[in-house]
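**Student:** I am attaching a structure below and will ask some questions about it afterwards.
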Amino acid sequence: MSKKILVVNTGGTIAMSVDDSEGVKPLDDQAVNKILPFLEKHADVTMKNLLNLPSPHMTPAIMNQLRLDIEEAFQHDHYDGIVITHGTDTLEETAYFLDLTLSVNVPIVVTGAMRSSNELGADGPVNLISSVRVAADSDSLNKGVIVVFNDEIHAARHVTKTHTSNVATFQSPQYGPIGTIAKKSVQYHHAPLDREHYAITHADANVPLIKAVAGMDPAWLQFLLEQKIDGLVVEAFGLGNLPPAIIPTLQQLLDKGVPIVLVSRCYNGQVQDIYDYEGGGRKLKEMGIIFSNGLNGQKARLKLIVTLQKTRTFKELQQLFDH
Ligand code: ASP
């Protein structure tokens, strides 16, 4: 019997078209629906056009509404899997947010396209067909949210957009894809060990992300002292070290009760408390800065937005970021 798959469209290039002036924008609100006949060979597909957003317009609040809409759809109907189409710019963020928060126990796939629907070599149709095949495959169960793109399957936690235009943009540095899509089969070669789940109600914490650069001006951080922020993520150098000039301001933010999560600008490895000079990781850890576990900055920010609903104590947040 054919599997029942829900496809939820949220927008992005997969739903856009190129016009005569070579501008790409949402011109045809049925662009993704036109792929439907090609999906029906693989599953019994229900398609819902929920949003038509370029993904730079996405926010954590909209991601949370998407989560609620999906959970509600599952209360009314049974589906064996779900596919979400999304713009690629923030796709990894929505995928990871849903990985942390969505309570639906079926394969959940996020996909999109690098080339718009009427461009030569458009990758949207094949990505969507592959995604429906993956969502309908029982081996896709219990893998957390997965991203299907260019014949590869990636874990939401590790995947990131690595190229501005290439169709092979989605990669999982250090880990690689967890599976591949062949002409006739879906093959997994490894799987995430476990999945974190947080029951949340909202996603409106204000958590900026700051990147460390050589000789950075502390004024940018001092500005944050005047703002109402719930937390801060700092992308540090290498193993987790920062310019000494910004340390006093970080200390002031900590003293105000603002949790600070440290990630690395490097896209492989994780921050560690090793260097013991001024601004070095060991000193940052002693100050109470929370060390993340290999997440990139944009995902650590979402994890902080989500976990702040569970606790605001630095120690407990550190335990959650150790996971
Ligand atoms: N800028 C587009 C978006 O993220 C790119 C894409 O969809 O691939 O919506």
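Note that the numbers count up from 1, one per residue, in the order the chain is shown.
Using the three backbone atoms N, Cα and C, a Cβ is placed for every residue, glycine included.
Model, not experiment: these values are computed from the prediction.
Relevant sequence annotations retrieved from TrEMBL are reproduced here:
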DOMAIN    4-192  domain 'L-asparaginase N-terminal'
ACT_SITE  THR13  active site
ACT_SITE  THR13  active site, O-isoaspartyl threonine intermediate
BINDING   SER55, THR88, ASP89  substrate binding site
ACT_SITE  THR88  active site
DOMAIN    206-321  domain 'Asparaginase/glutaminase C-terminal'
**Student:** Around the substrate site recorded as SER55, THR88, ASP89, what other same-chain residues have a C-beta within 8 angstroms of the site's C-beta center?
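**Tutor:** Apart from the listed residues, the neighbours are GLY12, THR13, PRO54, PRO56, MET58, HIS86, GLY87, THR90, LEU91, GLY112, LYS161.
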**Student:** How big is the gap, in Å, between the Cα of SER55 (substrate binding site) and that of THR13 (active site), rounded to a whole number?
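**Tutor:** The Cα atom of SER55 (substrate binding site) is 9 Å away from the Cα atom of THR13 (active site).
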**Student:** Measure from the Cβ of THR13 (active site) and count the other Cβ atoms within 10 Å, all protein chains considered.
**Tutor:** 28
**Student:** Sorted by position, what residues of the same chain at least six away from ASP89 (substrate binding site) have a C-beta under 8 A from it?
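**Tutor:** Counting only residues 6 or more apart in sequence, the Cβ neighbours of ASP89 (substrate binding site) under 8 Å are GLY12, PRO54, SER55, PRO56, LYS161.
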**Student:** Under a three-state reading of DSSP, tell me whether THR88 (substrate binding site) is helix, strand or coil.
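**Tutor:** Note: THR88 (substrate binding site) is coil by DSSP, not helix or strand.
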**Student:** Suppose we draw a 10 Å sphere around the Cβ of SER55 (substrate binding site). How many other Cβ atoms does it contain, all chains included?
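**Tutor:** By my count, 21.
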**Student:** For the domain 'Asparaginase/glutaminase C-terminal' (206-321), report the average pLDDT of the model, please.
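**Tutor:** A mean pLDDT of 97 is what the predicted model shows over the domain 'Asparaginase/glutaminase C-terminal' (206-321).
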**Student:** Would you mind checking how many other C-beta atoms are within 10 angstroms of the C-beta on THR88 (substrate binding site)?
**Tutor:** 23
**Student:** How would DSSP class THR13 (active site) in three states?
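**Tutor:** DSSP assigns THR13 (active site) to helix.
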